[in-house]
Amino acid sequence: MSWQQRIDTALATRRAADALRTRRVVEQGAGRWLTVGDSRYCNFSSNDYLGLSQHPAIVRAWQQGAEQYGVGSGGSGHVSGYTRAHYALESELAEWLGYPRALLFISGFAANQAVIAALTGKEDRIVADKLSHASLLEAASFSPAQLRRFAHNDVSQLAALLDKPCDGQQLAVTEGVFSMDGDSAPLAAIAEQVRRAGAWLLVDDAHGIAVTGHKGRGSCQQQEVKPELLVVTFGKGFGVSGAAVLCSEAVATYFEQFARHLIYSTSMPPAQAVALSAALSVIRGEEGDQRRTALAGLIQRFRHGAAALPGRITHSQSAIQPLIVGDNSRALSLAERLRQKGCWVTAIRPPTVPAGTARLRLTLTAAHQPEDIDRLLEVLHESGE
């Protein structure tokens, strides 16, 4: 089979399954409203959970950072791209989350791949929740380490896998809040089994940081767990982009030597780091508390109104509120009907989620108003979902 035949076959298979991914050009895609051409929609597909992407102080911080540093870092942090702005943000994150060190990465995907690739060898074992993010599972599958996956949030199966003989070290991998189901990992129970086995724990808290826990410190603080490796990302609750790995001093120094995504990537623009420091100030302050409280109220408003919907909602208490509809074409059709009614919703289909669980991934943000939630519920009820 030629290269072109291989590509054509793969695309035809996706089209036949109503699983072909496409992108839409939007004029404005973050915040309460999404604009496509001349049409405006209430946006229920954004990960901007606290509504910070449009925050005036954070926007100004980025502008001021660009005026001071320019628009790019100019190189890897190991060469010339590690500025005072990067150092300040790392220091603030480490102090906020109670770790000796924080290391910045250009994305959560890069951070997860770097950590697993740098740490694990052929005698090691990675034990990962089967619903962990693609960045984690891909890195684990590419690693020379043995990969074993446990049933979603099944602590007993995790413990059984950790108990199996291993010539090297073991790394348990999970998320704080899962991106597709919106549910939380039982981190305290997981951490107990990891400690008992003498393993290490990696928690990706992309969807929990800034949104949950005291002063937004995330899922681990909320459940009183301190993993050896905590990955936080900035494209959700922070409203920006990028990521950081929180760890010990020795592990940070190790990553500075062996984490290839850190060493060989141009570091994030310094202006972005300035904006992230401004976002952190909002998140950990009184305004952050107010936004989290507002978001929690909207989540409960939605769940109360969605209880009577025919589609299956999960037990999620997070900003991610999936409506499981099952069939790919049905999910696509429902998403289109909602858009026709002014609600921008995205259908999520396999292979992103398991077969037979196509869904509308509804995301709520602190930028929404109660009337937005009421309108969404009204449209869902009208659509028979």
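Each residue, glycine too, has its Cβ placed from N, Cα and C.
Residues Gly108, Phe109, His207, Thr233 are given by Swiss-Prot as pyridoxal 5'-phosphate binders; from Ser76, Ser179, Ser265, that same site also lists Ser179. According to Swiss-Prot, Arg21, His133 bind substrate; the candidate from Thr293, Thr314, Thr352, Thr357 that the record adds to this site is Thr352. For the binding-site residues given as Ser179, Thr233, Thr352, the lowest number of other CB atoms within 10 Å of the residue's CB is seen at Thr352. Looking only at the binding-site residues Arg21, Phe109, His133, His207, the one with its C-alpha closest to Lys236 (N6-(pyridoxal phosphate)lysine) is His207. Non-local neighbourhood of Phe109 (pyridoxal 5'-phosphate binding site): Ser135, each in the same chain, at least six residues away, with C-beta under 8 Å from its C-beta.
In the shown protein chains, 23 other C-beta atoms lie within 10 A of the C-beta of His133 (substrate binding site). Put simply, of the binding-site residues Gly108, Ser179, His207, Thr233, the one whose Cα is nearest the Cα of His133 (substrate binding site) is Ser179.
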